[in-house]
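First up is the structure itself, then whatever we jot down about it.
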Amino acid sequence: MSLPLTGGAGTSRTPSPRLTRLRRRLTPYVFVAPTLAGLALFLVYPLVSAVYFSFTRFNLIQAPEWVGLDNWRFLFEDDNVVRAAKNTLWLVVVMVPARMLGALLTALLLNQVKRARGLYRTLFYLPALAPPVAATLAFVLLLKPGTGPVNTALSALGVDDPPLWFNDPAWAKPSLVVLAMWGIGDLMMIFIAALLDVPAELHEAAALDGAGSWQRFRYVTLPSISPVLAFAAITGIIGTLQYFTQAAVAASVASGQVTGGGGISDTFGYPEGSTFTYPLWLYVVGFRYHVLGYANVLAVVLFVVSMTATVLLLRRFKEFTR
């Protein structure tokens, strides 16, 4: 007895065209569902919660109490916000361009090296591997007035009054910029990869047309690496707007609080508030004073500023590449 090859009750039914179209429409959503769930859980929910809690009186012990715009009104009366915003803006304006320029120049120079290129790249990249706390601690000790190696060397060279660095309000923020420059290895490697991706034919064609080194850099190299420059600028600004660890550790070590006892937040802004950044004030409000409603106001403002800066920079770089 032979089995039927076609027909009969045992054959599978062909899906209807409507069901097939529905499956095709749903398949992409099935694949992106985990990503969307992660975004909703770790981005949308915290953001919506922060906006909600910014209109409440909230301290983790009592239930949130709706206070309307009271927290937002206090934002415009808070002198600490103004001081912290000024310091953070200074760091953004100075630190981000300095890091980008230093990393780009270093990448350009290392691209010209013919021998031991890998060794030089490794040496310049190594400082970026140091943990921020350890790097800041070592850097502050290097610049310590009186006993630090840097000031000792300056005195030996005849400098009668070397800077006090992290102990001087006028030098504290520039010292943080120098600390940031010490760790440009990560950004340098990104720029090296971008420079290697620029087609050599473009440089050769520009040279045949009589373009000099500066003209080739301005009209060939810069437009070719502009997406990487945009990435570096955006991530640099966002990172500096969130500048916390180095400022907190530098203030604590320079003031002697690390060995003198007490909480690290007692020294935030040392000396004389010159290193008091916006995230430090957000931390103090939320985790020292436990005024979480107002802390969420500060967090929402920081998010809005970061997003605005990102959008403006993207538009600016699009205009540059046209």
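Note: Cβ is positioned from N, Cα and C throughout, glycine not excepted.
Caution: TrEMBL annotation is automatic and unverified by curators.
The domain 'ABC transmembrane type-1' feature in TrEMBL is assigned to 85-313.
Among the features that TrEMBL reports, transmembrane segment is placed at 26-48 (among others).
Look at TrEMBL and you will find 89-110 (among others) tagged as transmembrane segment.
Annotation comment: TrEMBL describes 122-143 (among others) as transmembrane segment.
Sequence-distant contacts of the transmembrane segment (176-198), counting only residues of its own chain at least 6 positions beyond either end whose CB sits under 8 Å from a CB of the stretch, comprise 91, 94-95, 98-100, 102-104, 106-108, 110-111, 121, 124-130, 135-136, 139, 220-221, 224-225, 228, 231-232, 236, 243, 246-247, 250, 275. Per TrEMBL, the feature transmembrane segment maps to 176-198 (among others).
For 219-244 (among others), the entry in TrEMBL reads transmembrane segment. Taking Cβ pairs closer than 8 Å, the transmembrane segment (219-244) reaches residues 88, 91-92, 95-96, 99-100, 103, 176, 187, 190-191, 193-195, 197-199, 202-203, 206, 211, 277-280, 283, 302, 305-306, 309-310, 313-314, 317, 320-321 in its own chain, all 6 or more past its ends.
The transmembrane segment annotation in TrEMBL covers 291-314 (among others). Panel annotation: around the transmembrane segment (291-314), residues 47, 50-51, 53-60, 64, 67, 71-72, 74-75, 81, 230, 233-234, 237-238, 241-242, 278-279, 281-282, 285 of the same chain, lying at least six beyond its termini, place a Cβ under 8 Å from a Cβ of the stretch.
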Notebook entry, point to check: What residues in the same chain, six or more past the boundaries of the transmembrane segment (89-110), come closer than 8 Å to it by Cβ-Cβ distance?
Noted result: 117, 120-121, 124, 173-174, 176-177, 180-181, 184, 187-192, 195, 229, 232-233, 236-237, 240-241, 243, 277
Notebook entry, point to check: Is the transmembrane segment (122-143) packed against any residues at least 6 beyond its ends, judged by a Cβ distance under 8 Å, and which are they?
Noted result: 106, 110, 149-151, 165-166, 175, 178-179, 182-186, 188-189, 245-246, 249-250, 253-254, 258
